[in-house]
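Database features (Swiss-Prot):
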type	residues	note
SIGNAL	1-16	signal peptide
DISULFID	CYS134-CYS175	disulfide bond
ACT_SITE	CYS137	active site
CARBOHYD	ASN159	N-linked glycosylation site
DISULFID	CYS168-CYS208	disulfide bond
DISULFID	CYS263-CYS311	disulfide bond
ACT_SITE	HIS270	active site
ACT_SITE	ASN290	active site
Amino acid sequence: MNKIVLYLLVYGAVQCAAYDVLKAPNYFEDFLHKFNKSYSSESEKLRRFQIFRHNLEEIINKNHNDSTAQYEINKFADLSKDETISKYTGLSLPLQTQNFCEVVVLDRPPDKGPLEFDWRRLNKVTSVKNQGMCGACWAFATLGSLESQFAIKHNQFINLSEQQLIDCDFVDAGCDGGLLHTAFEAVMNMGGIQAESDYPYEANNGDCRANAAKFVVKVKKCYRYITVFEEKLKDLLRSVGPIPVAIDASDIVNYKRGIMKYCANHGLNHAVLLVGYAVENGVPFWILKNTWGADWGEQGYFRVQQNINACGIQNELPSSAEIY
């Protein structure tokens, strides 16, 4: 095909897909219909439109500046960044991060390993879940890791009860937030965790109804990792399994697809599950499983560039556990 024709086709496709801020009212009406949104008053609708327009301007700016990722109008488009973070994340940072999980300092240079690794390809990662309007990302990331540990050890899937962890973990704060290593500690203290089918998710704080006779996974030891070298997460991922990590979710809210090169860290506020890494067009990236449903991002997943501390991924909070 003629190179000029090919360029015009590609350029035209990109232009057709691009947003125009002048069309914000049309996009907003489409958004209301698609996501079945309604508001209590016209003044509230106007306020939400103003937030929507601000988010649209950010999306347009990101799509212009980030050549390897795309951003879109999604279900969070009428929420301010602060609203999204307060309602749909849930990592809570106390003054004291110590507990009886063993602390491991990853201060040695990374080993030479494969350029690509993905636990999904080995069929060891359970389906994407949706935490809803409950700050329980910490519970989902922690149990997502245990679900993968179970799959690695027993070669079968099981979905564990985030609701049990929300209701029965008295160190963390349920839908008001928690941490990864303290959640592993809570599972150890409880003696185990039930299946989601026995203790279904309700997306709110409730009374503890744990039944020890129905525990399906028990934790024998937990770890918290201090990462000096970001690349060392590769070794950890391959040897341990999918790893719950802490990030700043502010820049991923309107993510659609691709490798994010720009993801700031203004403060850790969200927990996700690191499941793999790879290289695309010379850009190395991490693969992370989110808990905002399969209709967000790349079927519930997102990718960020490695070795730039994207979203603050290099920190003292990655955690894991061994199961019986």
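The backbone N, Cα and C atoms fix where each Cβ goes, glycine too.
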| request: Could you state the whole-number distance in Å separating the C-alpha atoms of CYS208 (disulfide bond) and HIS270 (active site)? | output: 24
| Per DSSP, CYS137 (active site) is which: helix, strand or coil? | helix
| task | Round to the nearest Å and give the CA-to-CA distance linking CYS311 (disulfide bond) with HIS270 (active site). | result | 10
| Fewest-neighbour residue among recorded positions, criterion Cβ within 10 Å, set ASN159, ASN290 | ASN159
| Among the recorded positions CYS137, CYS175, CYS208, CYS263, CYS311, which residue has its Cβ surrounded by the fewest other Cβ atoms within 10 Å? | CYS208
| said: A 10 Å Cβ contact count, applied to the disulfide-bonded residues CYS134, CYS168: which residue has the minimum? | reply: CYS168
| remark: CA-CA within 10 A of CYS137 (active site), subset of recorded positions ASN159, CYS168, CYS175, CYS263, ASN290 in residue order, equals CYS175, ASN290
| Do you know offhand how many angstrom separate CYS134 (disulfide bond) and CYS168 (disulfide bond) by C-alpha? | 16
| query | Around HIS270 (active site), which residues of its chain at least 6 apart sit with Cβ under 8 Å of its Cβ? | reply | ILE85, THR89, GLY90, LEU91, CYS137, ALA246, ILE247, ASP248, ALA249
| Candidate nearest CYS263 (disulfide bond) in space, where candidates are the recorded positions CYS168, CYS175, ASN290 and distance is Cα-Cα | ASN290
| query | Which of the three DSSP-derived classes (helix, strand, coil) applies to CYS311 (disulfide bond)? | reply | helix
| said: Quick check: of the recorded positions listed here (ASN159, CYS168, ASN290), which one has the Cα closest to that of CYS175 (disulfide bond)? | reply: CYS168
